[in-house]
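Undergrad: There's a structure below that I have some questions on.
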Amino acid sequence: MQIHLANPRGFCAGVDRAITIVERALEIFSPPIYVRHEVVHNKFVVDGLKERGAVFVDELVEVPDDSIVIFSAHGVSQAVRNEASSRGLKVFDATCPLVTKVHMEVMRASSKGTECVLIGHQGHPEVEGTMGQYDNQDGGIYLVESVDDVARLEVKNPSALYYCSQTTLSVDDTADVIDALRAKFPAIEGPRKDDICYATQNRQDSVRELSADCDILLVVGAQNSSNSNRLRELAEKIGAKAHLIADANCIQKEWLANAKHIGVTAGASAPEVLVQGVVDRLKEWGASSATERPGRLENIEFAVPKELRVKQVS
């Protein structure tokens, strides 16, 4: 039984930045530091930050006056920003810069009176934040998840229409939805570069290659992690058995029956320590080796807010 490690896997630059923002805020300003929603979708990461004094809340009403609040990597609506501003809360924004790029696309469309179609998953925090960037009462923003949704979609002005997408979607499925939008609305425009982020693309590419060579794929990630779920779905489409697991304790030994080649990857919010835990468990159960696959080098870094770059001296 051999282990094959996908490359790249795990943390992306946006997740690294978001976690660093919370860590630096805790170091510089001391607990409690409030965070709206899970800063990233991973219980291991969130629990570690809680232990250090981060307090995770669903809405700003739970944040006391004169407090520091951090917006999660998934981004927030303009209404949330306005609420924080009106209350005078000190805000550090951990929104991934690639999500902010999509926000700006929606704001530009809104300012021009162009209607917007967002490809994304209903209820995901990133989608809620992106939808909340559109405020033109004469236009509209519409959410679609599938080609079937496009078939049912009716807009006010098909000649002034723009599409964008959640950054963590299936590359293949999103391409199908974009094709359907262009077929139904020939005048629709979109971003010059796909909104799906580099890390999502790279991790899906590595899983596409790995799944063809493995009997089973284990994806380390949270159940509410969009990009982790897309990795599992992609492996299954290719024909591999795939399981999304939070950590090594979730692996069921019967999954590995007759498996000679086991692939392991991790979603963009899953730390490498969890991957290593999976490798160690598989070796306990008889795996002979763990081989790192070649893959695309990722050297992107996103800067944290200036106020958090150097520890303040009192």
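From the backbone N, Cα and C atoms, a Cβ is placed for every residue, glycine too.
Summarising the annotation, Swiss-Prot assigns active site, proton donor to Glu126 and lists sequence analysis as the type of evidence. Among the features that Swiss-Prot reports, [4Fe-4S] cluster binding site is placed at Cys12, Cys96, Cys197, with the record citing sequence analysis. What Swiss-Prot lists as (2E)-4-hydroxy-3-methylbut-2-enyl diphosphate binding site is His41, His74, His124, Thr167, Ser225, Ser226, Asn227, Ser269, and the listing cites sequence analysis. The isopentenyl diphosphate binding site annotation in Swiss-Prot covers His41, His74, His124, Ser225, Ser226, Asn227, Ser269 and rests on sequence analysis. Feature annotation from Swiss-Prot assigns dimethylallyl diphosphate binding site to His41, His74, His124, Ser225, Ser226, Asn227, Ser269.
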Undergrad: For dimethylallyl diphosphate, with binders His41, His74, His124, Ser225, Ser226, Asn227, Ser269, what's the maximum Cα separation in whole Å?
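TA: The dimethylallyl diphosphate-binding residues span at most 15 Å between Cα atoms.
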Undergrad: Could you round the CA separation between Asn227 ((2E)-4-hydroxy-3-methylbut-2-enyl diphosphate binding site) and Cys197 ([4Fe-4S] cluster binding site) to a whole angstrom and send it over?
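TA: Cα-Cα, rounded: 10 Å.
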Undergrad: I need the nearest neighbour of Ser269 ((2E)-4-hydroxy-3-methylbut-2-enyl diphosphate binding site) among the recorded positions Cys12, Glu126, Cys197, using C-alpha distances.
TA: Cys12
Undergrad: Determine, for the (2E)-4-hydroxy-3-methylbut-2-enyl diphosphate site, the additional residues of the same chain whose CB lies within 8 Å of the mean position of the CB atoms of His41, His74, His124, Thr167, Ser225, Ser226, Asn227, Ser269; present them in sequence order.
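TA: Not counting the recorded site residues, we get Val40, Pro125, Glu126, Thr168, Asn224, Ser228, Gly267, Ala268.
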Undergrad: Where does Cys96 ([4Fe-4S] cluster binding site) sit by DSSP, helix, strand or coil?
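TA: Coil, per DSSP.
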Undergrad: Between the Cα atoms of Cys12 ([4Fe-4S] cluster binding site) and Glu126 (active site, proton donor), what distance do you get, rounded to the nearest Å?
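TA: Here the two Cα atoms are 16 Å apart.
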Undergrad: Neighbourhood of the [4Fe-4S] cluster site (Cys12, Cys96, Cys197): other residues with Cβ within 8 Å of the Cβ centroid, in order?
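TA: Close Cβ neighbours, site residues excluded: Ala13, Gly14, Val15, Ala73, Pro97, Leu98, Val99, Thr167, Thr168, Tyr198, Ala199, Thr200, Ala268.
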Undergrad: I'd like the number of other C-beta atoms within 10 A of the C-beta of His41 ((2E)-4-hydroxy-3-methylbut-2-enyl diphosphate binding site), please.
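TA: Here the count is 27.
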Undergrad: Cα-Cα separation of His124 ((2E)-4-hydroxy-3-methylbut-2-enyl diphosphate binding site) and Cys96 ([4Fe-4S] cluster binding site), in Å?
TA: 15
